[in-house]
């Protein structure tokens, strides 16, 4: 059975987030430390982690980096809401960053945005690249890798709009289910940076994802001349 892992050292916060998870029709399990969370990740099929940044012992940022080696998506929760704090969390591999105090409805929408299509089986393909939206499996020239959730969804959007610019607004709306709030564009930039690194490691040409300055990104078609 799939579960959502809620990691926070405050029982009250865990209970609130757990209620939100239940409202989306999912089961959840709680942990109060990074060490306890690591044990749960070994013994349960965790489909999403909601993780407090400030934990006793190992920090949420450290745990996020560890989880980052798998395809399990992570939403960071933190009372630290400055832009540099958000950037630090996203650079650690988080798929989203929510500032405390938060709206339970917003948390629910963010959960749905990340897991919306988890049970579906579909794929996108362009420029010799194929991405499975169910598993995040990326294939190119006989090689494969598994992308984390947000990189996978960004690539899907770009491939669906092959050679057309996808704006920051549309990426935030379709991938994160949010608008251009503070730090939104930086969240997109960091995700695209990580996506480019995955593509490069697979041997994909470096200019595949083109930056359209001040607007967004597009998948650039290979020149045939």
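Glycine residues also receive a Cβ, built from the backbone N, Cα and C atoms like all the rest.
Quick look at what TrEMBL annotates:
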type	residues	note
DOMAIN	3-115	domain 'Response regulatory'
MOD_RES	52	4-aspartylphosphate
DNA_BIND	118-221	DNA-binding region
DOMAIN	118-221	domain 'OmpR/PhoB-type'
Secondary structure composition of the DNA-binding region (118-221) [DSSP: H/G/I, E/B, coil]: 38 helix, 26 strand, 40 coil
Helix, strand and coil counts within the domain 'Response regulatory' (3-115) (DSSP): 52 helix, 26 strand, 35 coil
